[in-house]
Every structure is written in structure tokens, then in C-alpha cells.
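*Asks:* Below are the C-alpha cells for one structure; questions will follow.
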Amino acid sequence: MNTVHFTMQAVLSNLITWIWSSRFQSCVTMTWRDYFTKVVPTALGTALDVNLSNASLVSISVTFATMCKSGSPIFLLLFAFAFRLEAPSYRLAGIILIISVGILLTVAKETEFEFWGFIFVMLASVMSGFRWSMTQILLQREAYGLKNPFTLMSYVTPVMAVVTLMLSLGLDPWKEFTSNGYFNSIWHVTRSSLLMLFGGALAFCMVLTEYILVSVTSAVTVTVAGVVKEAVTILVAVFYFHDSFTWLKGFGLIIIMVGVSLFNWYKYKKLQKKSSEDKLVDSQSTNVASKYVILEETDEEDSQR
């Protein structure tokens, strides 16, 4: 399923950039060194994030997996500090601590706890932090020529599709394919194929909007905003799949939301401060320029006299 989704993203993004090649053509040519040290690691991180998340759902519930995955902002901030995308501060450390406490509460007294499922979803959280930090670097730096989200998608998704296909061929039980309930008849094959195509189309739109958001804000903003999506996922899982949802999990989820809200407030204040500083610099430069003009006019008047 993941291979189909990534292949659809690769085909659609490359088709769009090929049809409107004049619009998406970059003035910067990416070197093979940058491709293998920046693009390929980003694609590997993205593929592992998605595949590990889905693999965890084999043994743990959607609700539990989503709650654990809501800790992604912690790892993202750590990678953002390492790549110098964010400056470390006591406020950010406090926010990380709050989100960590929320995650511990959601995990505590989990009756359906399964070790490998938990390990997979936490590794997916680490990969999420890495891949979004790398995505921000690729989208916001002119040197790589990937500032357009469609262009970036056309570069990373083919690698993601190939890596996921290799994982599928090596790990998935293909011997059980024809006896599987999703592919054991023509109707089931048709229904499953349509569901995968629909999911692939949704994934394409979702990833594209995330890339657009990263290009104009930051990877941290996207990940933190994604917690709202995770809250909706939990509600759907509780009502549709009838996943267990205890008061302790609910309290932990509230704490996570508080931490996320505090981070949003922190980023908002930081952006406000930066905007006011930029306006102050612009006004000062305008005043300096006008002074030069006045001085030049005065000099010309003096010379005429």
C-alpha cells in the first residue's frame, strides 16, 4: 500500500513538473553530492517514518500509536537544534518536558502494550523529526534549487517508492497474497485497488500542503499543527474501531495539547518580534535614504548659489 502511495506521488509530481517545465525549472543545478547527502537521506527518513508507523499498527491500536506519535515535536526540536534551525532556550526545553510527561501518561497502564509496536512507533517519531528538519533545509535554501514543493516532491518520492518496494518484497508475506481477505476475489481486488488509489490521492494532497507550509513557515510549525490531525485520528479510532480510551490517556492527551499550544504561542510571539524588528530596520533604512536625498539637494542648491 505504501509503495502504491509513494509511486502515485512520484508519478504525479514528475508529470506536473514535466508538463509545466518552464515554470518549475530551477536556475540552480543540484550536484550528485548534494543529491546523495541531502535528498536521499530525506527520502529514506520519510519512507521509514511512514512504514514504521504502519508496521506498528499490526500490534498496537490506532489510538495508542497516535498518542505515542504525538511526541514527534520533541525529536523535531532536537534535530532543529542540531541543524541550527531553532535556537535552544529554557522555554523550549520546558515545552518539550510538558509534551514528554503527556506521552508518559498515555503509555502508562496500557493494557494492550506491545514492545515492538511501541519501539516501531517511537522510531517513526525519530524519523519524523529528522525528515521534517531535512525537508525544511531543502525547501528554504537556494543552494539546492528545490524551493518549489512540486520540485522537491519529484526528487524525493521516487527514492521513497523504491525503498518501500524493497522493504515490501523482503518483509511482507507475499505467499499469503492470494488467500488474503483483501485480494481473494475480483471484487476484493477491485475494491482494495480503488481504496489504495484514493488513499494515494489523499496522501499526495496532504504531503503537498505540508511541503507548502514548510516552505513558508518551518518544519516545527507543521509537526505541531499535525497534533490536531492526530486528535481527530484518536476520536475516529475510538468511535469507529472502539479503541479503549481511559481517563489517564485523556489526561495525557490534554497535557500534550497544552504543550503544543504553548509551543504555538511561543512561535507566534517569536514571529511577531521578528516582524516588528524587520519593520523597524526598514523604517530606519528609509529615513537614512531620505536624509541622503535631502543632503544631496542641499549640496546642489549651495553649488548653484
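Along the chain as shown, the residues are counted starting at 1.
Every residue, even glycine, has its Cβ placed from backbone N, Cα and C.
TrEMBL labels come from automatic prediction, so no person has curated them.
Just lifted these from TrEMBL, have a look:
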| type | residues | note |
| --- | --- | --- |
| DOMAIN | 11-264 | domain 'Sugar phosphate transporter' |
| SIGNAL | 1-21 | signal peptide |
| TRANSMEM | 57-83 | transmembrane segment |
| TRANSMEM | 90-109 | transmembrane segment |
| TRANSMEM | 115-134 | transmembrane segment |
| TRANSMEM | 155-174 | transmembrane segment |
| TRANSMEM | 194-213 | transmembrane segment |
| TRANSMEM | 247-266 | transmembrane segment |
*Asks:* State the residues, same chain only, that lie 6 or more residues beyond the ends of the transmembrane segment (57-83) and have a CB under 8 A from a CB inside it; answer 'none' if no residue qualifies.
*Replies:* 92, 96, 99-100, 102-103, 106-107, 110, 112-114, 116-118, 121-122, 124-126, 128-130, 132-134, 137, 218-220, 223-224, 226-227, 230, 233-234, 236-238, 241, 243-245, 249, 252-253, 256, 259-260, 263
*Asks:* So what's the average pLDDT for the domain 'Sugar phosphate transporter' (11-264)?
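*Replies:* Averaging the confidence scores along the domain 'Sugar phosphate transporter' (11-264) gives 84.
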*Asks:* For the transmembrane segment (115-134), what are the same-chain contacts with Cβ under 8 Å, counting residues 6+ beyond its ends?
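*Replies:* Counting only partners 6 or more residues beyond its ends, the transmembrane segment (115-134) has Cβ contacts under 8 Å with 38, 41-42, 45-46, 48-50, 52-53, 55-60, 64-65, 68-69, 71-80, 82-83, 85, 107, 214, 219-220, 222-223.
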*Asks:* Under 8 Å between C-beta atoms and at least six residues away from its ends: which parts of the chain pack against the transmembrane segment (155-174)?
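*Replies:* Residues 2-3, 6-7, 9-10, 13-14, 30, 35, 39-40, 42-44, 46-47, 50-51, 146 contact the transmembrane segment (155-174) from elsewhere in the chain.
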